[in-house]
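What follows is a short report on a single structure.
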């Protein structure tokens, strides 16, 4: 199988294309174009009758897609989040959908985007800089409880309360406007440890997820993708942290597997699967990690939408689809004796 251009190394490139099973005349949607590494691979397998729809909420990624593929009649470009893919495609018309979640390498590498604690820049973190509130704006007005809830819920940061109190105290003295300011402040209040991970890692992740509504978009996008796929169509999702992967795993399982029965409840209607799991968690091997260390946390999951004839053959007893909600920062979390999250 061909390899992507050296200038951009998309994670799990070969595994994604194998999972999507791209056909010459199929219709595919890349909901997170980024810099187009996976999209190029899909196009290599499409013939003149194939179609590729690309989406991205980042205006810079949209500009790259227009420059790279604007002259290709097989490609249509749609600015915006994949959560709104129902505005781009009709139901049951797509052969494959790819969602490559999280922040992209270009977003991390450009200090001016404000995503990285390793590069000083404006404290922004918005994937679409023209929409919504920046990280600096939110931190300037959120209460310490709201900040702590976000850090714990989206970053699983054990020192969430301590960090939140420090942010509120510091902003009373001077505004937090730069990524280095925030990273240094977090590092200054964290207990000393042996971890090789930067002390601001979890907090930056949590704030970014909150600012961009990433988990809300993910759940909406998964629901929309299921409706957009044809029977036999494939959904491939790459996640980069446990919160994302948990949502993806639970979503696929909810439509593929009958829930456990409960003898205390009345007999339910037979469970009819909508998805078939193509693979479990797929991770990068050592050869990929050697050239692309950022792939170390990537997890790919693939599922196939079933047609009615296949759904009936997979019927089992169950109690219907249980609600699967992503965590919200409004939820209360327990505290340890020192007042921080456990």
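Glycine is no exception: its Cβ is also placed from the backbone N, Cα and C atoms.
The candidate list 72, 100 contains one residue that Swiss-Prot assigns to the S-adenosyl-L-methionine site with 36, 37, 38, 56, 82, 107, namely 100. Every protein chain considered, the tally of other Cβ atoms within 10 Å of the Cβ of residue 38 (S-adenosyl-L-methionine binding site) stands at 27. For the binding-site residues shown (36, 37), fewest C-beta neighbours within 10 angstroms: 37. Each of the binding-site residues 56, 100 was scored by how many other Cβ atoms lie within 10 Å of its Cβ, and the smallest score goes to 100. A simple way to gauge crowding: the CB of residue 82 (S-adenosyl-L-methionine binding site) has 27 other CB atoms within 10 angstroms, across all the protein chains here. In the three-state DSSP assignment, the secondary structure recorded for residue 38 (S-adenosyl-L-methionine binding site) is helix. In sequence order, 58, 113, 115, 127 are the residues of the chain that are 6 or more apart from residue 107 (S-adenosyl-L-methionine binding site) and have a CB within less than 8 Å of its CB.
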